[in-house]
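This report refers to the structure that appears directly beneath it.
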Amino acid sequence: LKFVVLICLVIMASTSAQQCGDETCGAGTCCAVFSQNHCRRLSRMYDLCSDHADASPSGNYLFFCPCEPGLHCDRNTWTCTEGSSRSE
């Protein structure tokens, strides 16, 4: 039974992680591309951000991570805000 639990934990950890250059990004982070790839935390309220739709095919973002859950990236200011994800 302990072996089964261990296998489940390994599978859960591997599905929530993202390879980012030589690093593996965990939950609450993304792979942001500068001159090299770096794991960064998801953007918070008023932080600069990338839109979820702007991810590369490999799942990387240019410069900034998307916003953490409950926020959206305002395409006018490129900052995380609350409310509707539509630009007005």
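Quick reminder: no glycine exception, Cβ is built from N, Cα and C everywhere.
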Disulphide partner cysteine [Swiss-Prot] for Cys73, chosen from Cys49, Cys65: Cys49
Selected from Cys39, Cys80: Swiss-Prot disulphide partner of Cys67: Cys80
Position flagged as pyrrolidone carboxylic acid [Swiss-Prot], chosen from Gln18, Gln36: Gln18
Swiss-Prot annotation, disulfide partner of Cys65 among Cys30, Cys31, Cys39: Cys30
Recorded disulfide partner - Cys39, candidates Cys8, Cys25, source Swiss-Prot: Cys25
Cα distance (Å, whole number) from Cys49 (disulfide bond) to Cys67 (disulfide bond): 6
Candidates Cys39, Cys49, Cys73, Cys80 (disulfide-bonded residues) - the one closest to Cys20 (disulfide bond) by CA: Cys39
Candidate disulfide-bonded residues Cys30, Cys39, Cys65, pick with smallest Cα gap to Cys73 (disulfide bond): Cys65
Listed recorded positions among Gln18, Cys25, Cys31, Cys39, Cys49 whose Cα sits within 10 Å of Cys65 (disulfide bond): Cys31, Cys39, Cys49
Three-state secondary structure, which DSSP defines for Cys65 (disulfide bond): coil
